[in-house]
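What TrEMBL says about this protein:
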type	residues	note
COMPBIAS	31-40	compositional bias 'Polar residues'
COMPBIAS	255-273	compositional bias 'Acidic residues'
REGION	1-46	region 'Disordered'
REGION	249-277	region 'Disordered'
REPEAT	161-203	repeat 'WD'
REPEAT	204-235	repeat 'WD'
REPEAT	287-328	repeat 'WD'
REPEAT	329-370	repeat 'WD'
REPEAT	373-413	repeat 'WD'
Amino acid sequence: NIDMWTSHRMPVESGSSAASRQAKQKRKSHSLSIRRTNSTEQERTGLQREMLEGQDSKLPLSLRSNLLDLFGQIEREFENLYIENIELRREIETLNDRLTAEGQTIDGGDLTKGALKTKASHSTSQLSQKLKTTYKASTSKIVSSFKATTSRAVCQLVKEYVGHRDGIWDLSVTRTQPVVLGTASADHSAMLWSIETGKCLLKYVGHAGSVNSIKFHPTEQMALTASGDQTAHIWRYMVQLPTPQPVADISQTPCDDDIDFSDKDEADGDGEGPNECPSIRMASTTLRSHQGVVIAADWLVGGKQVVTASWDRAANLYDVETSELVHSLTGHDQELTHCCTHPTQRLVVTSSRDTTFRLWDFRDPSIHSVNVFQGHTDTVTSAVFTVGDNVVSGSDDRTVKVWDLKNMRSPIATIRTDSAVNRISVSVSQRIIALPHDNRQVRLFDMSGVRLARLPHSNRQGHRRMVCCSAWCEDNSSCNLFSCGFDRQAIGWNINIPALLQEK
């Protein structure tokens with residue numbers, strides 16, 4: 001009111017000043033509009049809640065209320081952006097009007113008009129850049145939240161592999177034909193499964209303790225298992241794949257759609273073992289020398305040597321043909337949790353409860369270097385190589401970090417989650433990280449740390465207990481990701497990530 005009274009008392013101003021004052025008054029009216037919106041927000045929220053309670057929906061009221069609050073926040077954010085956009089556009093119009101008025105008073109030659117046009121273009125481009133920057137900064141989170149609505153990742157549960165009598169710690173897929181799935185369980189056995197039919201093809205029962213990991217030879221039909229009996233076994237297998245049965249049409253489930261409404265676990269009755277599954281009781285090679293649980297093992301490139309990781313705080317390098325201990329890799333302060341080898345180079349990475357992981361370099365036979373990395377604040381549950389020059393580490397501190405082998409002083413990406421992360425895996429072809437969690441979830445991220453999807457999880461499908469491990473399969477059309485957990489089952493998934501979601 002004071003501004004309006006003053007405008008009546010003051011002499012008439014020039015065109016540019018009047019335009020500037022008009023723009024300020026319009027901005028002030030918009031700010032008043034925002035305040036009025038905020039003042040009535042409680043009334044509107046109360047009305048919406050009353051309408052919400054009157055609607056017929058199967059969603060719990062608390063969940064519907066949370067959704068309403070989230071959509072209300074999004075609406076307010078877009079409203080603020082809309083108002084700011086209008087104000088910026090008015091500033092551009094005011095500037096153009098002022099420049100036009102100034103141009104009329106200048107003695108006009110082509111050179112002067114050219115200079116005026118250049119000045120106007122420069123000022124307008126600055127405001128345009130400011131507008132773009134504002135939108136990018138303000139809407140980046142909103143855009144990322146709604147990104148999946150235009151092109152969604154499709155995650156389809158294809159097959160469940162049931163037959164173990166205790167939790168499954170680890171799983172992997174063969175690298176040679178026939179392509180089969182291997183699982184390692186706390187029930188003292190390892191099993192080989194037909195990926196297509198879910199039928200058990202072979203059972204290894206040579207260990208006297210929990211089988212903690214399983215890995216397959218890169219070129220031959222041999223498996224390497226690590227056990228709580230303080231040994232690692234190498235055993236040969238021969239399997240014949242059954243004739244695939246017609247697969248029932250399973251509707252494609254967009255990731256993140258299923259919501260777990262209950263923490264109820266299914267009954268823990270002893271499941272029936274797989275029918276007519278042949279077994280192997282003797283290993284072709286037994287690797288001994290650890291003084292504690294052997295928690296993991298892997299083949300070095302070429303398959304002539306293997307590395308084992310143990311709770312005795314050491315990792316051992318063995319010759320496969322002679323079973324002799326070649327090197328004992330010591331230095332960790334607490335128990336080891338995992339080990340992994342590079343697919344093409346003689347590199348080994350070991351993880352430990354001491355919050356570190358170590359990179360061991362055996363490329364030069366005369367020099368065996370080691371690097372220690374201290375990027376986590378809790379147990380490093382696994383660290384794996386990618387096809388490129390990266391290492392990805394997961395931890396009980398609820399983070400996953402991506403490292404560059406050429407410069408590993410600090411991670412190039414950090415993924416923060418809401419639950420401890422177990423044995424991770426990275427897709428060779430798509431470079432997607434699969435994160436199995438203690439809270440029964442499996443999430444997918446790209447190498448830049450951008451979340452791509454969460455696998456469907458409900459009382460009807462998905463894991464019912466802690467998910468221990470994930471493994472990608474590049475050579476199977478029906479299932480390209482597998483997960484296992486302490487609910488005694490492994491699950492085969494078909495993951496389809498559109499290229500749009502993988503763009504950085």
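Keep in mind that glycine also has a Cβ here, set from the backbone N, Cα and C atoms.
TrEMBL labels come from automatic prediction, so no person has curated them.
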Mean pLDDT across the repeat 'WD' (329-370) comes out at 93
Which range out of 161-203, 204-235, 373-413 gives the repeat 'WD' (287-328) the most CB pairs under 8 Å? 204-235
Counting each residue once, how many in the repeat 'WD' (287-328) are helix, strand and coil under DSSP? 0 helix, 23 strand, 19 coil
Taking DSSP H, G, I as helix and E, B as strand, the repeat 'WD' (329-370) contains 0 helix, 25 strand, 17 coil
